[in-house]
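Annotated features in Swiss-Prot:
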- 7-27: transmembrane segment (TRANSMEM)
- 45-65: transmembrane segment (TRANSMEM)
- 67-87: transmembrane segment (TRANSMEM)
- 90-110: transmembrane segment (TRANSMEM)
- 118-138: transmembrane segment (TRANSMEM)
- 162-182: transmembrane segment (TRANSMEM)
- 212-232: transmembrane segment (TRANSMEM)
- 240-260: transmembrane segment (TRANSMEM)
- 261-281: transmembrane segment (TRANSMEM)
- 288-308: transmembrane segment (TRANSMEM)
Amino acid sequence: MNLYRRYGWELTLAALLVLEILLFGLSNSRMLDINVLLFSTSDFICIGIVALPLTMVIVSGGIDISFGSTIGLCAIFLGIVFQAGVPMSVAIPLTVLVGALCGLINAGLILYTGVNPLVITLGTLYLFGGSALLLSGLSGATGYEGIGGFPAAFTDFANQTLFGLPIPLVIFMLCVLLFWLLMHRTHSGRHVFLIGQSSRVARYSALPIARTLCMLYAMTGVASAIAAILLVSYFGSARSDLGASFLMPAITAVVLGGANIYGGSGSILGTALAVLLVGYLQQGLQMIGTPNQISSALSGALLILVVVGRSISLHRHLIYEWLQRRRSRKASV
């Protein structure tokens, strides 16, 4: 009973995930093939790598919608640096540093201006996206071709397996463990929850708000860079649009995973399960021949339903009191 109280939503998501796979399996038996389930994660698991630190950002009361552009910028930066003759062993760490810098720019602007994080990251979304397009044009990369010619060892990396699991999935699982420990087993993780519950109380309690926010946004930038590196390896080319479609699925996964969009609560394990739920939803719809437009519309509808459901859950005591008052009025009449 205590386990269900503590992990009730996560267990519900796990049950929904199994049910979803079984339902799609009735329409297409390939959905029940363990190899298909494992290797199809490579198409969407990079969304999860970014969604994990994004969960911590949202729990802190902030938000970052610029990560898609950060992925594109890091991808094209990696391609340009490689074109310039820099070895991949140096280009990859430099790309991670660029991602961290993008995150620190977000944090610095939010802390310095005091403007809502949504507005700041909306601005940097266009800033990083425009920079990626500019660099792409300067490098001569056009259309869907991007920058190619990477070493075979690099392009094979994201398509290899470790213990029978795809490398991107293994990296995602390691990230889940890392962020779960950070969020639920460290003082920094407790600070994230406290800042999200009340930034004013956190400030009066002398919590390191600035340092914590810088860490969170920098981690989101680093995760975006890692996702960019994996995507370039997976597709074999660096393009400025690689993260363009990540925004809605990532935020949907975070909110569906149990994070309060207003801050103060959230779950890394819930986000991880929600990533699989949303990812397999899109994969399953494609397998049964559903157009991409309908798949995107369903993802949007799912996000709205989750936000409405979470809002009702958070204010259920107010709704209950309102219903009680209505019954009392009717009884008195």
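For all residues, glycine too, the Cβ spot is worked out from N, Cα and C.
The model shown is predicted, which means the values in this text are computed figures rather than measured ones.
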Segment-segment contact (the transmembrane segment (90-110); the transmembrane segment (212-232)) at 3 or more Cβ pairs under 8 Å: yes
Cβ contacts the transmembrane segment (162-182)/the transmembrane segment (45-65), at least three under 8 Å, sequence gap 6 or more: yes
Contact call for the transmembrane segment (67-87) and the transmembrane segment (288-308): at least 3 Cβ pairs under 8 Å, seq gap 6+: no
Contact set, same chain, for the transmembrane segment (212-232): CB under 8 Å, 6 or more residues outside the stretch: 46-47, 49-50, 52-54, 56-57, 60, 62, 64, 67, 70-72, 74-75, 78-79, 92, 95-104, 106-108, 110-111, 150, 158, 167-168, 171, 175, 188, 191-192, 195, 238, 242-243, 246
Beyond the flanks of the transmembrane segment (261-281) by at least 6 residues, Cβ under 8 Å: 7, 9-10, 13-14, 16-17, 20-21, 24, 37, 40-41, 43-45, 47-48, 51-52, 55-56, 58-62, 172, 176, 179-180, 183-184, 193, 195-197, 249, 252-255, 295, 298-299, 302, 307, 310
